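These notes concern the structure reproduced below.
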Amino acid sequence: MSQDKPHQNLAIIGHVDHGKSTLVGRLLFETGSVPEHVIEQHREEAEEKGKGGFEFAYVMDNLAEERERGVTIDIAHQEFDTDTYYFTIVDTPGHRDFVKNMITGASQADHAVLVVAADDGVAPQTREHVFLARTLGINELIVAVNKMDLVDYSQDTYDEVVGEVRELLDQVRFDTEDAEFIPVSAFKGDNVAERSENTPWYDGNVLLEALNDLPEPSPPTDAPLRLPIQDVYTISGIGTVPVGRVETGTLNTGDNVNFQPSDVGGEVKTIEMHHEEVDYAGPGDNVGFNVRGIGKDDIRRGDVCGPADDPPTVAETFQAQIVVMQHPSVITAGYTPVFHAHTAQVACTIESLDQKLDPASGEVAEENPDFIKSGDAAVVTIRPQKPLSIEPSSEIPELGSFAIRDMGQTIAAGKVLSVNERT
Ligand code: GDP
């Protein structure tokens, strides 16, 4: 696998059980990202048990194991490459925090594959994920209409599902010109790496071709270090070890760093990555590190680590553009749901509804609306009920988006326009 190729972070989204994990397994399998001897072993086992055709059981088992282990410091990202790109699947599909991670920057995807099962069509999480992808600025979508084997590779069923998905994309103002539709079977392998004889009526790209043809992602920003803290451990012989993922900038031993909103800091003594000591870490690296003079109770999950001379911003209030995805009634000023931003979860009050926007043009449709409801886009002013470190999306997009959750659901997502800093 070559890391010299341009890198793409790819999100696999879609309703539960529509085949996301199976498709990831199939992609790894078809691109030779799983050692052949391991596959061979499972092929033999499968054949012995009369389960031919499930030769990528190994890949699937591994994914399941990942899922059970949950988020750890060395989240094993799935990786594969095509002729043009080196791909990382940015989150383990099926993971409980998937939606939240998608929004909060724990998985900044460049592009997404939307998996829709042909026998089920557009389902609730299909809507949720498409909406989030759109809000988060994913502009290119590959739509894999999966489980074609279950509908006898019927072109009519395929066309019906494509129609449903187009309608959904139109609803969230996703430019359907930028979406590519492919009939696949993740399970059998149709139209993933090779054109399938089962779909003679389809003459478009197969999935790997479509991935290969994606536009190059935008280059990383030259933003200062921002490292949201996921957990804080005490490790004997080392001391306090905050862990998290570097979102922007670099972390070097000897750096003078600062944690916000806890407002403490010190010199970086050691950095560990994949159980090895390193001198520095960059964007995308999951690290544990140790800072001189910082005790376990000085910092917490939700803090952001940055350079002492350019510390993370802490908001007194912030203005944001949000899109309401699903809310049973209406949202008015004073509403205080939980905001999920990077690794932080903080109750925040929507202090004022400043403007309602036309979601298609982005132009102001109404000043100071009395309420907003599902499907509305708006500019609002937000007051965190506890200190929250967050950044304007225009300056550090990785730390500038959030999800609003209430009643166990993502009800809205948004981007920070400006921050009124705590003094
Ligand atoms: P996820 O929840 O979206 O990750 O879905 P999974 O990948 O776990 O798949 C859910 C179920 O659908 C599993 O039992 C898979 O074996 C099955 N499945 C996935 N893709 C296909 C497919 O292309 N054809 C058929 N027949 N079954 C599939």
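Every residue gets a Cβ built from N, Cα and C, even glycine.
TrEMBL: automatically predicted annotations, no manual curation.
Keep in mind that what you see is a predicted model, and the values were worked out from it rather than measured.
Taken straight from TrEMBL:
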{"type": "DOMAIN", "residues": "5-220", "note": "domain 'Tr-type G'"}
{"type": "BINDING", "residues": "14-21, 91-95, 146-149", "note": "GTP binding site"}
{"type": "BINDING", "residues": "S21", "note": "Mg(2+) binding site"}
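Feature annotations (TrEMBL) mapped to structure.
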{"residue": "G14", "record": "GTP binding site", "CB count, 10 Å": "27"}
{"residue": "D17", "record": "GTP binding site", "CB count, 10 Å": "15"}
{"residue": "K20", "record": "GTP binding site", "CB count, 10 Å": "28"}
{"residue": "S21", "record": "Mg(2+) binding site", "CB count, 10 Å": "22"}
{"residue": "M148", "record": "GTP binding site", "CB count, 10 Å": "30"}
M148 (GTP binding site) to S21 (Mg(2+) binding site) - Cα separation in whole Å:
16
If one measures from the C-alpha of G14 (GTP binding site) to the C-alpha of S21 (Mg(2+) binding site), what distance in angstrom results, rounded to a whole number?
10
Taking all residues of the domain 'Tr-type G' (5-220) together, what is their mean pLDDT?
80
